[in-house]
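Per TrEMBL, the features are as follows:
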type	residues	note
SIGNAL	1-22	signal peptide
DOMAIN	34-257	domain 'Lipid-binding serum glycoprotein N-terminal'
DISULFID	Cys160-Cys199	disulfide bond
DOMAIN	272-457	domain 'Lipid-binding serum glycoprotein C-terminal'
Amino acid sequence: MMLARPYCAVVVLLLLAGVSRTGEGNSNPGFMARITKKGLEYVQQYVVTTLKEQLSTIRLPDLSGHSKIDLIGWVSYDFHSLKIHRFVLQNWNLNLLPELGIGVFLSNSYMSVGGDWKVNKAFITLDGSFELKANGISISLSLNLDKDQSGRPTASVTECSNSIGHISIHLSGSLSWILNLFHEIIENNIKMVLEEKVCDMVTEFTTSYLELYLRTLPVTTMIDEVASLDYRLVGAPQVTSEGLDIPFKGEFFSQSHPSHVPFEAPSMMLPPQHDRMIYLAVSQYMLNTAIWVYHHAGCMKVVIQNEDLARLYPNMEVELEVSLESEPLLTLTPGNVTLSPVIDIRGLALLPSSSDQRTLFQLRVNTNVSIAIGVNSNRIVGSVTIGSELKFEVKQSNLGNINKKLMESIFSYYTIKTIYSSLNAKLQEGFPLPLPRETSLNSVELQIHKNLLFVGAYFD
Ligand SMILES: *[C@@H]1O[C@H](CO)[C@@H](O)[C@H](O)[C@H]1NC(C)=O
Ligand SMILES: *[C@@H]1O[C@H](CO)[C@@H](O)[C@H](O)[C@H]1NC(C)=O
């Protein structure tokens with residue numbers, strides 16, 4: 001009988017209640033996202049399209065007033081049911097203002113607004129419809145990016161100004177010529193109101209739409225019953241002359257054992273690449289937090305029972321308990337991902353008289369495992385490629401000489417059959433990258449640098 005029993009088969013389903021993970025002194029990111037200028041320009045196009053859709057649903061206030069007209073005298077007028085028919089936003093200019101934010105400047109935009117008018121003079125009421133065109137609209141605004149308490153990015157408009165070049169109004173309806181007599185007054189009035197309104201609209205859009213969109217960024221992601229991934233921002237997004245660098249916690253944690261990894265994230269330096277729209281950097285630290293969590297959940301423990309063992313020790317039941325002597329270190333060197341586990345193998349005799357076990361011998365096995373890394377629809381995935389030979393050493397034996405050769409062959413067999421294949425299954429699931437709703441990547445390029453995986457891509 002051959003049996004390898006993973007210890008992690010049953011894990012308590014976690015309470016999803018947010019585990020308080022305060023008191024983290026170190027705020028170095030374990031994961032960074034860089035959106036380059038090219039990426040921001042792409043995002044901007046998307047924002048413009050959405051902004052246009054949003055603007056067409058905006059309601060403008062009614063405009064009313066009095067005016068004195070030659071020959072006729074005072075009339076009161078009322079423009080109502082105003083609706084934006086067309087808003088053409090053009091000549092966008094994005095300015096990266098390092099340490100300040102992002103400046104957006106639009107010039108030569110125009111809009112058309114339609115609606116109804118009504119004029120009262122004594123007992124007479126005239127009405128009709130109108131079409132208004134505003135040309136030469138320029139808008140200048142500054143966006144500030146930050147993070148909120150929950151670690152999500154926020155965007156706010158810190159400054160907005162705009163001006164409108166020229167407004168012309170075309171009135172139709174009964175006796176509209178009367179109104180045309182004072183269209184200049186109306187045009188100036190409307191221009192003032194619109195100038196006030198444009199920045200309100202843009203600010204409103206930013207706080208509602210953009211904020212909601214940014215809220216779709218996952219801040220914690222559950223990987224499986226054992227591990228979750230903390231993708232909260234550890235700092236505000238940094239504007240640089242080349243784009244935007246966004247620092248994420250990038251740390252695996254266990255919700256059932258909410259203790260902290262005993263090592264800290266070192267500071268992170270991204271390679272100076274800016275050709276693609278987005279770069280994502282996964283640190284060696286982040287990958288090692290995953291190993292730490294799975295190791296501490298007891299997932300890296302296997303029990304081997306084998307008929308050869310039974311033959312070797314006929315009067316007792318013996319099993320091999322395979323675990324890790326310490327967390328295996330994963331190292332990223334240019335071009336290579338290597339896992340270097342130090343494996344502890346205990347030969348245990350199961351005593352028939354009690355539930356106790358007696359340690360017969362203890363072996364230490366060293367090996368290096370190469371892992372191939374890839375990106376598969378927004379997930380980082382991997383697979384074991386080569387394992388170096390297994391180096392055995394006897395740590396302790398209560399049996400005198402032990403049959404090392406046999407142990408080696410039993411263990412090597414299991415390494416390939418069980419351990420590598422369950423490791424592969426886990427690696428193939430991989431883990432997700434933090435991307436907001438409806439964002440996917442294409443033309444993905446993956447590089448392995450010292451201490452980090454660097455993924456460059458275009459937005460889809
Ligand atoms: C990476 O792996 C290849 C193939 O295993 C090896 O030839 C090369 O020396 C390794 N590079 C480093 C920096 O370890
Ligand atoms: C693993 O790799 C390290 C560094 O290249 C080397 O010193 C060590 O001997 C290797 N171990 C095994 C078991 O091959």
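Glycine is no exception: its Cβ is also placed from the backbone N, Cα and C atoms.
TrEMBL: automatically predicted annotations, no manual curation.
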What average pLDDT does the predicted model assign to the domain 'Lipid-binding serum glycoprotein C-terminal' (272-457)?
86
Long-range Cβ environment of Cys199 (disulfide bond), under 8 Å and at least 6 residues apart:
Ile139, Leu141, Val157, Cys160, Ser161, Asn162
Does DSSP put Cys160 (disulfide bond) in a helix, in a strand, or in coil?
strand
Cys160 (disulfide bond) CB neighbourhood, other CB atoms within 10 A:
18
Three-class DSSP secondary structure - Cys199 (disulfide bond):
helix
